[in-house]
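Notes follow the structure.
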Amino acid sequence: MMSIFHSVLPRVTRSNGWRCFSTRIPYDNIAELNKEMESIFGESPSPSPLGSSPPQQPVQPAYKAEDSQPVLTHTDSSRQAKMVDVSPKEDSKRVAIASCRVLLGQRVFNLVASNEIAKGDVLTVAKIAGITGAKQTSNLIPLCHNINLSHVRVDLTLNEEDSSVVIEGEATTSRKTGVEMEAMTAVAIAGLTVYDMCKAASKDICITDICLQHKSGGKSGSWSRN
């Protein structure tokens with residue numbers, strides 16, 4: 001059996017006198033070796049790792065634009081906070097809708113629904129507070145731009161299923177930057193006002209799920225929460 005390998009495998013002589021067999025074997029020699037082994041064992045051997053086929057290169061994943069890391073625009077090259085210069089941008093209509101939920105508990109929910117809270121009409125006061133808050137966003141959030149808002153809407157709805165107030169806020173402008181922060185500030189301030197109006201009746205009230213639901217306009221286009 002060894003005579004077969006000695007006759008087929010090319011030898012490489014090293015300077016120290018040892019000999020080894022090269023794995024770079026011509027295809028004709030491999031075919032001859034396979035034929036010899038078939039005559040001995042009665043079947044062709046499985047494909048040998050000694051073949052001359054080049055090693056397979058690992059497949060590189062395709063690059064996608066969304067795989068790139070997002071860039072924070074409110075920091076400069078030295079990672080210090082800065083206000084973004086929006087002067088090169090074009091004016092366009094921009095709309096943002098945000099929402100939040102205020103969990104009241106059953107007893108406070110009933111008081112609000114029947115307008116029996118001592119401070120007065122909870123939903124009306126919170127609605128006005130939310131609109132006012134949207135207009136004051138740049139005074140509350142340091143790096144926000146002072147935007148001329150063309151419209152602000154704040155709606156508060158009582159939800160009997162979980163004894164909550166569902167708040168939705170919408171802000172609109174036709175300026176150079178978006179109004180996501182104005183919409184979220186509107187619902188946050190409205191939610192805080194609900195708490196302030198009802199806190200004498202309960203300290204268990206919870207403001208939760210403040211988030212952006214939709215935005216449109218600007219370079220990034222439209223986005224909606226699934």
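Positions of Cβ are set from backbone N, Cα and C atoms, glycine also.
Residues or ranges marked as region 'Disordered' in TrEMBL: 41-88.
The compositional bias 'Polar residues' annotation in TrEMBL covers 70-80.
Per TrEMBL, the feature domain 'Molybdopterin cofactor biosynthesis C (MoaC)' maps to 83-218. Confidence for the domain 'Molybdopterin cofactor biosynthesis C (MoaC)' (83-218), expressed as mean pLDDT, is 95.
DSSP assignment over the domain 'Molybdopterin cofactor biosynthesis C (MoaC)' (83-218) gives 45 helix, 42 strand, 49 coil.
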